[in-house]
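Below is one structure, written out as structure tokens; comments come after it.
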Amino acid sequence: MIISWDEYFMGVAIFSAYRSKDPHTQVGACIVNEDKHIVGVGYNGMPNGCDDREYPWGRTGEFAEQKYPYVVHAELNAILNASTSLKGCRIYVSLFPCNECCKAIIQSGIREVVYLSDKYAASEATKISKRMFDSAGVRWRRMETELREVPVKFEVSDARDLQNA
Ligand SMILES: O=c1ccn([C@H]2C[C@H](O)[C@@H](COP(=O)(O)O)O2)c(=O)[nH]1
Ligand SMILES: [Zn+2]
């Protein structure tokens with residue numbers, strides 16, 4: 001099996017998402033420069049020093065008892081983790097960015113967004129993101145692939161024999 005660049009970078013975003021402790025929506029992001037080098041990855045999680053076993057992961061109730069005021073979004077983590085300037089970069093995200101991430105993406109100099117899920121397309125946040133991306137000239141497109149899944153095997157004993165593992 002040989003995967004495309006888009007599949008490869010989105011795969012890194014999806015793999016990053018598996019690190020998230022969010023029980024409802026795990027999100028991953030992978031930022032790539034014009035040389036196709038990965039310069040930042042991230043997932044949605046609590047800020048450094050905020051123990052993710054102590055902070056809430058719920059979606060309802062009092063604001064302070066919900067996850068929303070605490071969690072750092074995947075895109076922002078990827079931007080903050082980046083090792084270099086993001087001017088001209090592309091970001092792969094497993095979920096279309098919210099309006100807050102949209103602003104950070106625009107201001108960082110990222111020029112293209114490739115996304116997988118648009119499950120909150122009807123939300124105000126997503127509509128606002130699309131408007132701001134369009135105004136700022138940041139392209140956005142859904143990931144196109146025939147792939148449904150990629151097998152990942154950890155029991156491989158010989159790295160030269162991945163196909164037959
Ligand atoms: O741009 C975005 C939007 C959302 N997220 C994160 C924030 C939360 O942890 C989840 C969304 O939770 P729901 O339960 O689906 O409301 O996704 C993000 O990382 N980036
Ligand atoms: Zn966001």
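A Cβ is built for glycine as well, from the same backbone N, Cα and C atoms used for every other residue.
Feature annotation from TrEMBL assigns domain 'CMP/dCMP-type deaminase' to 4-126. Taken from TrEMBL, the feature Zn(2+) binding site covers His73, Cys98, Cys101. The feature active site, proton donor is assigned by TrEMBL to Glu75.
Within 8 Å of the centroid defined by the CB atoms of His73, Cys98, Cys101, the record's Zn(2+) site, lie the Cβ atoms of Ala74, Glu75, Leu76, Pro97, Asn99, Glu100, Cys102, Ala104, Ala125, excluding the listed residues themselves. It is Cys101 that, of the binding-site residues Cys98, Cys101, has its Cβ surrounded by the most other Cβ atoms within 10 Å.
Across the domain 'CMP/dCMP-type deaminase' (4-126), DSSP assigns 37 helix, 25 strand, 61 coil. Here the domain 'CMP/dCMP-type deaminase' (4-126) returns a mean pLDDT of 98 for the predicted model.
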